[in-house]
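S.K.: Structure below; questions to follow.
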Amino acid sequence: MSEQQYIMAIDQGTTSSRAIIFDHDGNKVAISQQEFPQYFPQPGWVEHDPLEIWDSVQSVISNVMIKSQIKPYKIAAIGITNQRETTVIWDRHTGKPIYNAIVWQSKQTSDIAEQLIKDGYKDMIHQKTGLVIDSYFAATKIKWILDHVPGAREKAAKGDLMFGTIDTWLLWNLSGRRVHATDVTNASRTMLFNIHTLDWDQDILDLLDIPQSLLPVVKPSSAIYGYTGDYHFYGVQIPIAGIAGDQQAALFGQAAYDKGSIKNTYGTGAFIVMNTGLKPTLSDNGLLTTIAYGLDGQTHYALEGSIFVAGSAVQWLRDGLKMFDKASESEQMAVDAKTTGGVYVVPAFTGLGAPYWDQEVRGAMFGLTRGTERGHIIRATLEAIAYQTKDVVDTMVKDTQLPLTALTVNGGASRNNFMMQFQADILQTPIKRAAMEETTALGAAFLAGLAVDFWEDQDELRKLSRIGDQFDPQMDPQKAADLYRGWQRAIAAAQFYGKD
């Protein structure tokens with residue numbers, strides 16, 4: 001493979017779109033980023049304009065090509081990674097969306113999800129899709145749009161409409177409106193996809209009255225989906241060859257290819273994903289079963305746990321309690337405090353995610369005394385992020401019976417050395433921090449590169465996915481166990497208070 005060639009990754013996130021060009025050594029050559037508007041038509045509703053998303057993607061592609069000075073024919077392939085679950089329905093003839101994109105965290109379809117639970121479909125949907133019934137996933141969003149947009153049901157019945165998660169919407173536009181497809185990771189987040197048969201599930205489609213003609217073709221994560229349209233890249237047809245949802249792309253970018261490998265992406269919340277190998281593991285403890293990636297004719301599965309509040313707890317200390325001016329200051333203040341002074345912070349501002357799934361519980365502080373200082377509360381808040389991670393990781397180990405050997409980490413809060421050391425101590429496991437921040441985009445690039453033989457195999461990719469720092473446990477195991485017991489008491493007390 002000529003060393004003159006490159007891979008482009010499109011990373012379409014919840015608040016911004018990015019295009020990144022990588023070379024053959026997995027180095028970042030150029031990056032462009034652009035934010036786009038968020039819409040909140042009613043409390044709890046979150047929407048995007050799909051045309052604004054597409055405009056932002058075209059803009060970052062153009063900018064990154066200008067920045068890098070790379071000719072289009074030198075781009076060997078394009079990979080796409082995306083905010084998952086966000087739902088677009090558009091007219092296949094005009095290419096125009098019939099409604100805004102309903103974003104993953106939007107609550108406007110909660111009533112549909114609650115009705116499905118009341119009607120007794122919880123076990124059936126969990127068995128088939130690996131997911132819990134929730135408005136988070138695409139299924140209820142599709143039904144809502146079909147039910148609420150005038151004429152949508154009639155158009156859908158005639159086969160005039162197309163559904164896609166954001167990857168599908170971008171692929172359709174990027175391919176000159178020729179390819180309507182998605183990958184197995186994104187399909188597995190719709191609550192319509194049977195993770196055992198690897199096909200759309202007719203029983204669930206019938207239940208929600210969703211015509212199959214609406215749905216994209218499902219392909220492996222690493223495959224040539226199609227080629228760029230004539231009006232992009234000066235007419236050079238570049239293969240679009242890799243697609244994965246953002247958390248799965250981060251797993252792939254961190255080379256977590258072995259069964260039992262776990263990664264944690266610390267963002268506003270935190271997403272912990274464990275590669276469980278070639279067979280799905282259904283969790284008895286509130287974790288989601290999902291698809292990690294599809295590659296070389298094989299489907300790899302994963303368990304996922306979401307923590308609602310991670311980095312946003314630090315923002316709360318900064319913006320809500322005015323404890324410091326910059327989030328980065330929290331690290332030194334936590335170190336200077338030396339201990340939490342017996343304080344535990346449960347940052348359940350919007351309830352608790354995995355493995356508790358408790359919507360009623362609210363944030364709380366325990367162990368306050370007259371001697372409690374600002375530093376104690378800051379340190380306890382950072383420690384809470386590590387405790388929540390342990391809650392999920394321990395559940396994964398319990399569900400799979402696989403040993404925990406290390407946790408690879410990326411995302412903003414992973415740059416906090418104090419927190420990463422405490423994470424290693426409380427898990428009693430080494431923490432490996434990614435050298436590159438853009439591991440999600442790198443994962444999409446890896447998937448695309450494999451499909452066009454830019455890279456040979458996963459062994460080559462392991463060498464390119466570099467670890468920056470490793471944090472080994474330094475705390476006495478008994479002390480770590482005692483601290484964690486205190487956390488479990490704090491959670492139980494917060495849940496008790498949240499009950500009517």
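The backbone N, Cα and C atoms fix where each Cβ goes, glycine too.
Quick paste from Swiss-Prot:
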type	residues	note
BINDING	Thr14, Arg84, Glu85, Tyr136, Asp246	sn-glycerol 3-phosphate binding site
BINDING	Thr14, Arg18, Thr268, Gly311, Gly412, Asn416	ADP binding site
BINDING	Thr14, Thr15, Ser16, Thr268, Gly311, Gln315, Gly412	ATP binding site
BINDING	Arg84, Glu85, Tyr136, Asp246, Gln247	glycerol binding site
MOD_RES	His232	phosphohistidine
S.K.: Other than its own, how many Cβ atoms are within 10 Å of the Cβ belonging to Gly311 (ADP binding site)?
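M.R.: Step by step: centre on the Cβ of Gly311 (ADP binding site), count other Cβ atoms within 10 Å, giving 19.
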S.K.: In whole Å, note down how far the CA of Asn416 (ADP binding site) lies from the CA of Thr15 (ATP binding site).
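M.R.: Cα of Thr15 (ATP binding site) to Cα of Asn416 (ADP binding site) measures 23 Å after rounding.
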S.K.: Taking only the Cα atoms, work out how far Arg18 (ADP binding site) lies from Asp246 (sn-glycerol 3-phosphate binding site), in Å, as a whole number.
M.R.: 12
S.K.: A 10 Å Cβ contact count, applied to the binding-site residues Thr14, Ser16, Asn416: which residue has the minimum?
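M.R.: Lowest Cβ count within 10 Å among the binding-site residues (Thr14, Ser16, Asn416) is Ser16.
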S.K.: List the residues in the vicinity of the glycerol site, defined as same-chain residues other than Arg84, Glu85, Tyr136, Asp246, Gln247 with C-beta within 8 angstroms of the site's C-beta centre.
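M.R.: Going along the sequence, the neighbours come out as Gln83, Thr86, Trp104, Arg189, Gly245.
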S.K.: Where the distance is taken from Cα to Cα, which of the recorded positions His232, Gln247, Asn416 turns out closest to Tyr136 (sn-glycerol 3-phosphate binding site)?
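M.R.: Going through His232, Gln247, Asn416 one by one, the Cα closest to that of Tyr136 (sn-glycerol 3-phosphate binding site) is Gln247.
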S.K.: Spatially speaking, which of the binding-site residues Thr14, Ser16, Arg84, Glu85, Gln315 is closest to Asn416 (ADP binding site)? Use C-alpha to C-alpha, please.
M.R.: Gln315
S.K.: Among the binding-site residues listed here, Thr15, Thr268, whose Cβ has the fewest other Cβ atoms inside 10 Å?
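M.R.: If we count Cβ atoms within 10 Å for the binding-site residues Thr15, Thr268, the smallest count is at Thr15.
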S.K.: Determine, using Cα-Cα distances only, which of these binding-site residues is closest to Thr14 (sn-glycerol 3-phosphate binding site): Thr268, Gln315, Gly412.
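M.R.: That would be Thr268, nearest by Cα distance.
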S.K.: Given that the record lists Thr14, Arg18, Thr268, Gly311, Gly412, Asn416 as binding ADP, what is the largest C-alpha to C-alpha distance among them, in Å?
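M.R.: Result: 24 Å between the two most distant Cα atoms.
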S.K.: Going by C-alpha positions, which of the binding-site residues (Glu85, Asp246, Gln247, Gln315) is nearest His232 (phosphohistidine)?
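M.R.: In terms of Cα distance, His232 (phosphohistidine) lies closest to Asp246.
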